């Protein structure tokens, strides 16, 4: 089979068919019963998180499992996990654009949407974790009567700029790609109020060769900027840990190791979203088994790099011979949280090895199990980074175990609900697969088949 | 009387053939529209060329300004001895400007794109042409200038190139 034709069924070689398949449900279709049920469930779950956050605000961080030794706990693990997922969308989109991968077209839009939602959610956690969230704006430099400025050496301030810049940049990148598709929605028959909204956001796009050239030029420029930006954002998250002096944290491998981990968990989420979207929106002709195969290969590669990273981390501890580092390593494998360590290795390193088999790379149940395993494994990793190090630091008298509370779990669950809820809303108002890019792919595929 | 010959094409090859034939015949192309990126010669290159430079300049300017601001706040406005570290801790001061510079490059590029691609014109005469509306979803469209008396020749030329539909529009 020709290269482009692998990524698209012949039924989608016609531009009108592509537009109808993607825009049809948005413009004409009514939301089905399944969509409403999913919205209600996700809204209820979000409500649980809102209540738990409200309890935290009313009664303070004492409602969480955090203690005087493990001061970070779930809020920071949640932050790192969500921003990891958020890192992948723009990175996937930008990298695949720069390397001219044809399979980018089917997944880049919803991966970018995933980024925006996940980074927005991630950004909530440092604020929630502040203890006095109403003063979060103190991280921004603004003239004030106290004559104070942010402490630029603080990891919290680095995070503030990293998240803010990355979120807004990703939003621009996402919107840029959306403009031609908004014009398509504007020009179709459909509800007039929505057409007016799409029309306003389409900015008067016509699709002339001159406009296309400018559009493509900026998209490539932004992809070039996005790639190092994404790496820097999660490197900064890695530096939050590595810039400290704690055992298990102060390692130079952390920034790249965090970037790979982010890419890994984000790709796992992309796979799950791809499976849901292709089935729920009937886009099997565009999100093909070849796409799943390609994503599975990425998971396999990233999982193998994760194994190497863990090995490097463990070897560093062994090699230094530092008592605190060795204690940390022993505690990881035999201590209270060792079950999570083995879960992490299973989810992040062993399960992806199934993808050496081409048949398993295209098996939906296996893809679901492995992707979910990676997401759980990565969460275990995030919480272990915090708990293992802080529970048994340099001062034995201060050793304290961390046990999350119901409020901790409710906040985490709530953010999951919020992510699903926001994604469901997005799926009704914007095309989750870029129509113009699929049309371009269809033209190439047609040429190859001829 | 000035008129326009509007033709729709079903695929890119026919569209390109239409543009080439119009060019050979010395016809003035008033407008081209396509449902996905199609590069026709150097059309739009002049418009697109500065976008990358504007983005880079915007990003660098913002990053340098931000670094200067950090330097001023940390060493002049409110010098603060943080554990004996130098007031001008340039290594960590670089982090926020790099992130902010990337954002500024994106913003500058987006503004440049909107201005250069002449966007935000929500009401353009082209939108009165039904074929242009369809160009955003399925068809390629060519608009050629002609006079009412040679319109037939132009339509024949476009049909010969593979147009699936063509007509005259008088203005």
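Yeah, the Cβs are placed from backbone N, Cα and C, and that goes for glycine too.
Sequence annotations record features per position, and here TrEMBL assigns transmembrane segment to A:35-59, A:79-98, A:110-135, A:155-178, A:221-245, A:257-277, A:298-319, A:331-351, A:363-380, A:400-426.
Put simply, of A:35-59, A:155-178, A:221-245, A:331-351, A:400-426, the stretch with the most CB pairs closer than 8 A to the transmembrane segment (A:110-135) is A:155-178.
Taking pairs at least six residues apart, the transmembrane segment (A:400-426) and the transmembrane segment (A:221-245) share fewer than three Cβ pairs below 8 Å and do not count as touching.
Across the candidate stretches A:35-59, A:79-98, A:298-319, A:331-351, the maximum count of CB pairs under 8 A to the transmembrane segment (A:221-245) is reached by A:79-98.
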